[in-house]
Amino acid sequence: MEEKKNMVGGISRKSLERLPMYHHYLERKYREGTETISAPAIALDLQLNEVQVRKDLAMVAKTAGKPKLGYVVKELIRDMEEFLGFHNTNQAALVGVGSLGKALLSYKGFEQYGVEIVLAFDSDGRRVNTKTGGKPVFPMDKLENLCRRMNIHIGIITVPAGYAQEVCDRLVSGGVKAIWNFAPTHLTVPDHVLVQNENMAVSLAALSKYLYEADKEGMQ
């Protein structure tokens, strides 16, 4: 079961997490005028293992890299976007229109990655029947029905941890197939539902630990 949870669409989560990084890097190189690029060059610039980069690129590229030249950057970008489904827009619903929720609703860059937030839900009557980032905010009692009617595939959770599991259950009942979870808590979902956690507390703890160790080394 754990092995299955670490796979998405037949590839490992780790590989999937690297692909957007490659995509962003390749787009920048293309804007700078780079026409071809090799796996070793990518590995060096991104400080990754060359063997792993070769495996990742072989998984998405329709044409193998050429000796001494590598991959055609424009073609590799296209293949990567097709592999990741960036051209297939998935509609998303956000639950929890607090500070973080408002920021996500106002962000214009999600559609580049095949995600469009089309509506939001909140329990605060002051936020209901308003718009944030141009997206309508509905009361919670309409969640399941609207998610089913609008064929929502992605649910974004930005509520406090204590409410996250209930919200998750309701999104799943509404037909959502993937959850983007910003609440600092573990969510239990059926096997057919994917959860991507964005635990900022863990990230901040890692940064704090790094700085603490760096300070200790500096004092030695």
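Glycine is no exception: its Cβ is also placed from the backbone N, Cα and C atoms.
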> To which of the residue ranges 21-60, 141-180, 181-220 does TrEMBL assign the term DNA-binding region?
Replying inline: 21-60
>> Which residues of the chain, 6 or more past the ends of the DNA-binding region (21-60), have a CB below 8 A from one of its CBs?
In response: 11, 15, 66, 68-74, 76-77, 79-81, 83-84
> Taking all residues of the domain 'CoA-binding' (85-186) together, what is their mean pLDDT?
Replying inline: 94
>> Other residues near the NAD(+) site, CB within 8 A of the CB centroid of Gly96, Val97, Gly98, Ser99, Leu100, Gly101?
In response: Lys102, Ala103, Leu104, Asp122, Thr158, Val159
> Going by DSSP, how much of the DNA-binding region (21-60) is helix, how much is strand and how much is coil, in residues?
Replying inline: 30 helix, 2 strand, 8 coil
